[in-house]
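Report on the structure given below.
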């Protein structure tokens, strides 16, 4: 092995970006096949490919950062910038959905009956399951902060407890959201209200599932003593992402559930 005179990580060639792109192609193509031909085969293949890619890519990053020491302070600084820019891009992603919602609701067209919610739509009560979901995500924001402080103080037991609570709250939120979708009186095909509601809240739900997976990986790493009080960017990135998911939900609740109803 040649001697390295700089602090940067020269990444080895990896197949995972290619397999990740392939799984994205299979998933999007699979959704089209599912919607038009009621065939779920491509979706299953795409999901399997994506899960395998996630596992192996995460495994490589954990190996490089924890066991090989490639994640120097300089590399961690670059990773932090990358995570911040990723969250900024996600903000603009959700901004498009809010724009579509307000564009449709502030000046309803005659086709919608000139009112919002459109004629025939019975919106969900914001003081029932949506309010419970809000309290769940706010509580999870508190518990993830508790986990972060416990990690920085070297309190392993409390960190595991707090992170486990956050994961359980995330799973509970997902179950409640799924039951709410199942019991709602309108669908994604019910005009602009249905499409904006289900796309905005559905993508948020997907982000909750991704964030919960991220936190589960962090919990498994904590069990294996991968984090220290000074070297834990993987957990820090997951916590930032989770706080972002919390804030997006507050805007969704106020805009779509409360004001929009």
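In case you wondered, yes, glycine gets a Cβ from its N, Cα and C as well.
Residues annotated as topological domain 'Mitochondrial matrix' in Swiss-Prot: 1-15 (among others).
Residues annotated as transmembrane segment in Swiss-Prot: 16-34 (among others).
The topological domain 'Mitochondrial intermembrane' feature in Swiss-Prot is assigned to 35-40 (among others); the stated evidence is similarity to another entry.
Residues annotated as transmembrane segment in Swiss-Prot: 41-66 (among others). For the transmembrane segment (41-66), the residues of the chain that approach it from at least six positions outside its boundaries are 9, 14, 16, 19-20, 22-31, 33-34, 213, 217, 221, 226, 233-234, judged by C-beta separation under 8 angstroms.
Under DSSP, the residues of the topological domain 'Mitochondrial matrix' (67-72) split into helix, strand and coil as follows: 1 helix, 0 strand, 5 coil. Here Swiss-Prot flags 67-72 (among others) as topological domain 'Mitochondrial matrix', drawing on similarity to another entry.
The feature transmembrane segment is assigned by Swiss-Prot to 73-105 (among others). Within the chain carrying the transmembrane segment (73-105), a Cβ under 8 angstroms from the stretch's Cβ atoms is held by residues 7-9, 112, 116, 192-193, 196, 199-200, 203-204, 207, 233, 236-237, 240-241, 244, 248, 251, 255-256, 260, all 6 or more beyond its ends.
What Swiss-Prot lists as topological domain 'Mitochondrial intermembrane' is 106-128 (among others), and the listing cites similarity to another entry.
For the transmembrane segment (129-152), the residues of the chain that approach it from at least six positions outside its boundaries are 158-159, 162-163, 165-166, 169-170, 172-173, 176-177, 179-180, 215, 222, 227, 229, 232, 235-236, 239, 242-243, 245-246, 249-250, 253, 257-258, judged by C-beta separation under 8 angstroms. Residues or ranges marked as transmembrane segment in Swiss-Prot (evidence: similarity to another entry): 129-152 (among others).
Marked as transmembrane segment by Swiss-Prot on the basis of similarity to another entry: 156-183 (among others). Using a Cβ-Cβ cut-off under 8 Å and counting only residues 6 or more beyond its ends in the same chain, the transmembrane segment (156-183) has close neighbours at 124, 129-130, 132-133, 136-137, 139-140, 143-144, 146-147, 150, 198, 201-202, 205, 208-209, 211-212, 215-216, 218-219, 222-223, 242.
Helix, strand and coil counts from DSSP across the topological domain 'Mitochondrial intermembrane' (184-190) read 0 helix, 0 strand, 7 coil. Here Swiss-Prot flags 184-190 (among others) as topological domain 'Mitochondrial intermembrane'.
Swiss-Prot lists 191-223 (among others) with the feature transmembrane segment.
Marked as topological domain 'Mitochondrial matrix' by Swiss-Prot: 224-232 (among others). According to DSSP, the topological domain 'Mitochondrial matrix' (224-232) comprises 0 helix, 0 strand, 9 coil.
Sequence-remote contacts of a segment are chain residues at least 6 beyond its ends whose Cβ falls under 8 Å from one of its Cβ atoms, and for the transmembrane segment (233-256) they are 61-62, 65, 71, 76, 79-80, 83-84, 87, 90-91, 94, 98, 101-102, 126, 130-131, 133-134, 137-138, 140-141, 144-145, 147-148, 151, 166, 170, 196-197, 200-201, 204, 207-208, 210-211, 214-215, 217-218, 221-222, 226-227. For 233-256 (among others), the entry in Swiss-Prot reads transmembrane segment.
Residue counts for the topological domain 'Mitochondrial intermembrane' (257-261) under DSSP, helix first, then strand, then coil, are 3 helix, 0 strand, 2 coil. Marked as topological domain 'Mitochondrial intermembrane' by Swiss-Prot: 257-261 (among others).
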Beyond a gap of at least 6 residues from its ends, the CB atoms lying under 8 Å from the topological domain 'Mitochondrial intermembrane' (106-128) belong to 180, 184-186, 190-194, 253, 257-258, 260-261
